[in-house]
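These features come from TrEMBL:
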type     : residues : note
TRANSMEM : 12-35    : transmembrane segment
TRANSMEM : 71-92    : transmembrane segment
TRANSMEM : 113-130  : transmembrane segment
TRANSMEM : 174-197  : transmembrane segment
TRANSMEM : 261-285  : transmembrane segment
TRANSMEM : 305-329  : transmembrane segment
TRANSMEM : 397-416  : transmembrane segment
TRANSMEM : 453-479  : transmembrane segment
DOMAIN   : 741-797  : domain 'CBS'
Amino acid sequence: LPKQKAQRYEAVKWVMVFAIGVCTGLVGLFVDFFVRLFTQLKFRVVQSSVEECTEKGCLALSLLELLGFNLTFVFLASLLVLIQPVAAGSGIPEIKCYLNGVKVPGVVRLRTVVCKAMGVLFSVAGGLFVGKEGPMIHSGAVVGAGLPQFQSISLRKIQFNFPYFRSDRDKRDFVSAGAAAGVAAAFGAPIGGTLFSLEEGSSFWNQGLTWKVLFCSMAATFTLNFFRSGIQFGSWGSFQLPGLLNFGEFKCSESDKKCHLWTAVDLGFFILMGIVGGLLGATFNCLNKRLAKYRMRNVHPKPKLVRVLESLLVSLTTTVVIFVASMVLGECRQMSSTSHSGNDTLDLQDMSQDVNSSIKTFFCPNETYNDMATLFFNPQESAILQLFHQDGTFSPVTLSLFFLLYFLLSCWTYGISVPSGLFVPSLLCGAAFGRLVANLLKSYIGLDHIYSGTFALIGAAAFLGGVVRMTISLTVILIESTNEITYGLPIMITLMVAKWTGDFFNKGIYDIHVNLRGVPLLEWETEVEMDKLRASDIMEPNLTYVYPHTRIQSLVSILRTTVHHAFPVVTENRGNEREFMKGNQLISNNIKFKKCSILTRAGEQRKRSQSMKSYPSSELRNMCDEHIATEEPPEKEDLLQQMLERRYTPYPNLYPDQSPSEEWTMEERFRPLTFHGLILRSQLVTLLVRGVCYSESQSSASQPRLSHAEMSEDYPRYPDIHDLDLTLLNPRMIVDVTPYMNPSPFTVSPNTHVSQVFNLFRTMGLRHLPVVNAVGEIVGIITRHNLTHEFLQARLRQHYRTI
């Protein structure tokens, strides 16, 4: 029954969404566990060697040990990217493109997620300034794309008969759920993840999807939480560690009554920090764009080994900078006394012990610590916690140097061929900036009521907002990570200001990388001045089309010589059709299809009046009867007979067997075409592969029929026309495409405003939009390329010139 079938489909969808959440959580757990393992191993070895060598004066050896670890890890990460190049970077630009409706080759394959997860584990453990959060989003998206398919190109042997979700729309919904689950697992922020998916990704969103995506994010967060709490604290079933990145708890100590997390006065400073964050972010993006262009020109064309060498060079520089800065530039600061005063709450004490345990005392006397080493010689998450919660001070010089070095190195690192996230480096960089502001305000302006942790957090938000320019999702992610709802207002204001300031100069980092790849991404809406353009100004009038009944040789030549993904199904308009019909089966089939598919007012009236025979007015009945009498059935039989008797060659100028040739005149090439529907490339290839056709001597009814399940069996990798064995096909056979085309796609009239065209295209998630005039003739087609910002700008300039 249809109703039960629909319910089953819905139930399977919920199960799948839950499974995606759980698997994404497990991927996060895997990455986190091994990063922790390797980092602890590395720091334990290096630290003991530094402590020994400080006495003996053999620090060069410690540096070599650290280099050995880091270069090995980064080398492994680069090798994994060589196996699957899409795994480089954070993966957010690629997922953004995918959800916007652009297929980036290989972006959601199983191989990608394996290389991504393993690679990010090595690049983070290798001490590069990268985060593991961005790649989590990509990994989640791949899990979302792959799980509901129950098949993978890398594991061809394993076949399940799982008939659900064989369409791009379903796959895209699952990818957006997976990406949201990735954010949720990374930051412990299920609502933030859902909003991320809405804001950054999907072009097509519906109400039911929101609920499923939130469920998926929750599943991911709590799976990760459950296992991490169990593994780290041994208390299975208690949920203590929400995400991979944890900001700890912002709390004033009980003893200090004057302390507030923030006050109204601070908002002024937060706005200024937002402006500075926006400027810094714009600078970061500008530098990174220059670097990326340089890489595209000079690194990518060279052999692949050069990319590995570049990664190793970055790793070498980073390691040396970290080591030298910690040894030479650090200052010895007094330890904070919180952990010794007994009147603290237990939670806070735990927290400060956690913060104090990661303090590094290199070259410093007892009861003091080396502030630069504390920031550089820790995993990035610990360094962020230090800046947020360490009561001891960091000297302004240290913070400025740290910020500068970190800014430059993380800018250089983003874009080399290792899997790398950008969230954590940006947060750390911004936190140092915020802490610096707090220091200056405290010591030079004498505002001692301020809470340094808040300023560090706001600095982090300002810088991250300036780099990635996300608004609503980032606000919620940061609020959920801090677990402190009172921070809602300051974070939101800071992010808004940072975004506006940055947008004044350039785009967000992900958009910059999308543009550099030349992907036709559609924005949320067009500019106001674009409404001077109409659909006819931006459409592509030079069409490649197929007829309702087309010879195999024409189909093959069209498919082989073009790369279009869909073709309009048309018939040509001629005055003397009846003459032509006498000649040939193929032509008569096409004309008959056209005749039977044109809905006329008379025909519609006739149909209605048949059902109105009981109507009292006799005149109306007579009118109907007259109409019926005017049809001439005998001639039809006659025509068919004549057509069967004489089978001439097709008229070359009416239904060409070859694609339009160069010698055609303008009139011949652009003759009027009645539009009947759209057929996809994948459908045509499937029809050819399965031999769906009939010969000229048979009627088109003898053509075998394929069910929908058979048509979509090869999804998502349909056979390619170039792999088709032509010897199995008779080129003179005819394919009737009418049962398989979409007879009622969305269409627009040539006078439609561009903004309307754009909204229809974007909200319905279309790929092709035929432009059909008032008499049903197709005059052009609009695809995504015709709606990109650059194309519209060019057309607008042309429009102004012609005026």
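Each residue, glycine too, has its Cβ placed from N, Cα and C.
Annotations in TrEMBL come from automatic prediction, not curation.
Most Cβ pairs within less than 8 Å of the transmembrane segment (261-285), among stretches 12-35, 174-197, 397-416, 453-479, belong to 453-479.
When each of the listed stretches 12-35, 174-197, 397-416, 453-479 is scored by C-beta pairs under 8 angstroms to the transmembrane segment (305-329), 397-416 comes out highest. Nonlocal intrachain contacts for the transmembrane segment (453-479), taken as residues 6+ away from its ends with a CB within less than 8 angstroms of a stretch CB, comprise 183, 187, 189, 191-193, 195-196, 198-200, 247, 250, 261-262, 266, 269-270, 273-274, 276-282, 284-285, 384, 387-389, 422-423, 426-438, 441, 485, 487-488, 490-492, 494-499, 501-503, 507-511.
Here the transmembrane segment (397-416) has Cβ contacts under 8 Å with residues 88-90, 128-130, 280, 284, 287-288, 291-292, 295, 307, 310-311, 314, 317-318, 321, 325, 329-331, 371-372, 375-376, 422, 425-426, 428-429, 432-433, 435-436, 439, 509, 513 of the same chain, all six or more residues outside its ends.
Model confidence over the domain 'CBS' (741-797) is summarised by a mean pLDDT of 86.
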